[in-house]
């Protein structure tokens, strides 16, 4: 059977591949500690679940408007105003089946074959593949631990060509945990201001999971004049431990939002009606429900960073946001390769070695466009983290 060139250009999710391999080994009786997951280990808060149960009992189980219910859109508008000082109208809001669909809709609505999308690396694994589905060209700007995984204005300017159509910024970052400051975003905005045809996608999914104590800002807080060509992407998955509910949302120029809604109308149509009620309860409800989770992430972040940095050959920064440690393992790879312990000098070989010998599942940095690193999620118990570090330290000693 012939498959399209489009589908052959994309790869299965590396994070899901790690999870699947870890699950297979676990089923074989191995005591696997999974640190590959990209979701909180907390339960959805009770008041959110109760809202969904009430919706079911009230029969709110039919189609809704493609772009989301009017009341959920209003909750999103209120959230943007209250927390981000951003003003949107209902026609500038779209609710989708997860943040991934929001970005998918945006790319399909704005990118033509050959159009270039600038993506700083390391990046969320889905960005480039979604661009490839639209037959666009991902253009990567490489960073590393030396740059704290953040691009400079000069790097951005050098990446721009006449074919550049979109720039993607993700802060706090999955996988690196880096967070752009107001001043850094202002500097990037100064470059983008010179190129009025470039759209800006700011992925704020980890907005509330800030670990450094500083307040959240995105590029529109830094450069309000760019609002007419910026789409703000967000969702309830991470902040409210609602990954399985599949509700993402975005705010942006009405013409782009309408185009995105047209794309969505021919794929999933409306997001799940019950999940929309739950998302509305999350956005309108008591926001203190996030506090215990974020405090736990801060404690785990501090422990994991200190513990990993005590192991010879690996190094990581204290994450400023999200719930990942993005670990530089280049020295460890070099040593193991010299000793002919690894099959090759890739981070994939290293992560396979750690999985098979230490029984700890991690995602290789190359999955995020950053060879020589591994991503460890600390969205798990402290006991799991302590045991995982103990195993990795023993393996690399």
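Glycine too: its Cβ is placed from the backbone N, Cα and C atoms.
These figures come from a predicted structure and were not determined experimentally.
The L-aspartate binding site annotation in Swiss-Prot covers 38, 124, 174, 375. Within 10 Å of the Cβ of residue 38 (L-aspartate binding site) there are 22 other Cβ atoms, across all protein chains.
A C-beta separation below 8 Å, combined with a sequence spacing of at least six in one chain, links residue 238 (N6-(pyridoxal phosphate)lysine) to 39, 40, 205, 206, 208, 209, 322. Here Swiss-Prot flags 238 as N6-(pyridoxal phosphate)lysine, drawing on similarity to another entry.
Taking a C-beta cut-off of under 8 Å and a sequence gap of six or more, residue 11 (site 'Important for prephenate aminotransferase activity') has these contacts in its own chain: 129. What Swiss-Prot records for 11 is site 'Important for prephenate aminotransferase activity'.
Within the same chain, residues at least 6 positions away in sequence whose Cβ sits under 8 Å from that of residue 124 (L-aspartate binding site) are 170, 174, 175, 203, 368. Overall, the recorded L-aspartate-binding residues 38, 124, 174, 375 cover a maximum inter-Cα distance of 11 Å.
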